[in-house]
């Protein structure tokens, strides 16, 4: 460990106490709603036997992942909004960075697996039951998690070996890659290239797999003769497509570029979108656009 810094100070959003309290209230409400929504999805899928299909099991995994993902960032962000000393230890910063990267990568893998599941269901409905068995679902779900865990190791290791001298002020509300690279007094060229390559490999490969899956789905839907059949078939994957679009647009914009020269304000704004807002929108999109889930939710509430 070559760093002389034992802790970092998080600059956050603004120094005005009024706006900090207001932002704390808004983020707190969003965080509570996010946790509640995702736990409702987990509970309903667990209690309703009709939802014990691979599609809803994957959704259950995604909800659990969103809870972990947003909890990595938001609680520390909330405490710093009200604290006079907005700091995080060096080890805590590296731990937050690792979980943020690994959980983000796991979500990429899981969204790709869910796209593959929809491809099988729409394009090969007769073989779907034989291919997507309970064992296949478990392998894909566990494989996504394990691969995500290993994805976070190399970028975090490279970041932890940087020399930060006496510079300890992070112009962000959590330990993200870009502000840490700007803060370092070491030569970050190799680290930037490695992180860029890992980001490019993970995001582009997962996005390409998802894109190909939906192109094949659209081609299959076009062959359906009735308009109602097309609408019903496409509705099974439209929620997932909306989630994928929101997630990948923000992540590719932030991390798939060789240099990290975005302004700090833009960095924070986009970071709020994918760490606070997106985890709130994902369960809403899935639950409101899925008739089977809404019926199961009503049944669970009446029960």
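Glycine is no exception: its Cβ is also placed from the backbone N, Cα and C atoms.
Annotations in TrEMBL come from automatic prediction, not curation.
Sequence annotations record features per position, and here TrEMBL assigns transmembrane segment to 18-46 (among others).
According to TrEMBL, the feature domain 'G-protein coupled receptors family 1 profile' maps to 37-286.
Sequence annotations record features per position, and here TrEMBL assigns transmembrane segment to 97-116 (among others).
Look at TrEMBL and you will find 137-160 (among others) tagged as transmembrane segment. Using a Cβ-Cβ cut-off under 8 Å and counting only residues 6 or more beyond its ends in the same chain, the transmembrane segment (137-160) has close neighbours at 1, 54, 57-58, 61, 94, 97-99, 101-110, 113, 116-117, 177, 180-181, 190-191, 194-195, 198, 202.
The transmembrane segment annotation in TrEMBL covers 193-219 (among others).
Residues annotated as transmembrane segment in TrEMBL: 240-257 (among others).
Same-chain residues lying 6 or more positions outside the transmembrane segment (269-288) and placing a CB less than 8 Å from one of its CB atoms are 27, 30-31, 33-34, 37-38, 40-41, 59, 62-63, 66-67, 69-70, 73-74, 172-174, 176, 239-240, 242-243, 246-247, 250-251, 253-254, 294, 297. Sequence annotations record features per position, and here TrEMBL assigns transmembrane segment to 269-288 (among others).
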